[in-house]
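K.L.:
Below you'll find the structure I mean.
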Amino acid sequence: MDEKKIENAVKEILMAIGEDPAREGLMETPARVAKMYGEVFASLDESPEFDDYKVFHVEEDPGMVLVQQIPFYSMCEHHLLPFFGTANVAYVPRDGQIMGLSKIPRLVDFVAKRPGVQERITTQIAAQMKRILQPKGIAVSLSARHMCMEMRGISKSGLFTYTSKFDGVFKSDVEMRNEFLRQTGNHSE
Ligand SMILES: Nc1nc2c(ncn2[C@@H]2O[C@H](COP(=O)(O)OP(=O)(O)OP(=O)(O)O)[C@@H](O)[C@H]2O)c(=O)[nH]1
Ligand SMILES: [Zn+2]
């Protein structure tokens with residue numbers, strides 16, 4: 001990421017909105033924003049595929065493995081305003097192939113820390129899980145608030161947008177899907 005370029009651009013924006021980038025409160029702001037973009041868009045500096053994981057082996061396949069209520073923060077690619085919420089990620093292992101549990105929230109961060117839309121975060125989490133583990137099934141659901149719908153534009157506070165992606169047994173087996181939905185607090189029927 002080119003921090004110097006971001007700093008200059010932020011200075012330009014401050015001038016364009018009629019602010020004085022030289023006034024005391026704003027003097028360090030371009031550098032702070034550049035640093036902040038480095039954090040919230042951290043994935044742009046990483047490889048395109050998630051690679052921070054280890055695959056382990058258990059003798060017997062468990063059923064569903066679910067990490068739920070994973071907090072995430074992202075920036076919408078339309079307005080560069082935050083959207084944030086929680087993600088539920090479940091899979092059913094194949095051939096005893098499992099991954100370290102902490103790697104699932106790491107994967108969520110990896111996918112979220114770039115300009116995006118909620119739908120893509122949802123499908124990308126599922127796609128990366130599939131690539132890494134080839135599990136029997138994957139279920140991902142996200143619930144999020146979008147600042148671009150709250151503090152501007154339509155200006156509706158407290159709306160939650162729900163997105164989901166079901167693959168494999170979560171698609172073909174209603175019981176599995178309902179176990180996921182029950183456990184994550186959503187009910188399909
Ligand atoms: N599908 C989807 N849309 C999103 C997401 N985040 C923001 N948006 C929407 O992206 C759209 C961008 O639409 P535009 O019509 O180009 O932008 P706009 O005129 O600023 O839209 P308004 O927000 O309605 O004022 C808006 O409808 C946003 O609500 C997201 O994660 N997924
Ligand atoms: Zn937006």
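Every residue gets a Cβ built from N, Cα and C, even glycine.
Just so you know, TrEMBL annotations never went through curation; they're auto-generated.
Sharing the features that TrEMBL gives for it:
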- 6-183: domain 'GTP cyclohydrolase I' (DOMAIN)
- CYS76, HIS79, CYS148: Zn(2+) binding site (BINDING)
K.L.:
Mean pLDDT across the domain 'GTP cyclohydrolase I' (6-183), rounded to an integer, is what?
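P.N.:
Average per-residue pLDDT within the domain 'GTP cyclohydrolase I' (6-183): 97.
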K.L.:
Three-state secondary structure of CYS76 (Zn(2+) binding site) from DSSP?
P.N.:
strand
K.L.:
Are there residues of the same chain, six or more positions away from HIS79 (Zn(2+) binding site), whose CB falls under 8 angstroms from its CB, and which are they?
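P.N.:
Within the chain, HIS79 (Zn(2+) binding site) has Cβ neighbours under 8 Å at CYS148, ARG152.
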K.L.:
Excluding CYS76, HIS79, CYS148, please set out which residues of the same chain place their CB within 8 Å of the center of the CB atoms of the Zn(2+) site, keeping sequence order.
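P.N.:
Those within range, site residues removed, are MET75, GLU77, HIS78, LEU80, LEU81, PHE83, HIS146, MET147, MET149.
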K.L.:
Tell me the Cβ neighbour count for CYS148 (Zn(2+) binding site), meaning other Cβ atoms within 10 Å of its Cβ, over all protein chains shown.
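P.N.:
Cβ-Cβ neighbours of CYS148 (Zn(2+) binding site) within 10 Å number 16.
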K.L.:
Report the same-chain neighbours of CYS76 (Zn(2+) binding site): residues 6+ apart in sequence with Cβ closer than 8 Å to its Cβ, ordered by sequence.
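P.N.:
In sequence order, the residues whose Cβ lies under 8 Å from that of CYS76 (Zn(2+) binding site) (at least 6 apart) are PRO82, PHE83, PRO115, GLY116, VAL117, HIS146, MET147, CYS148.
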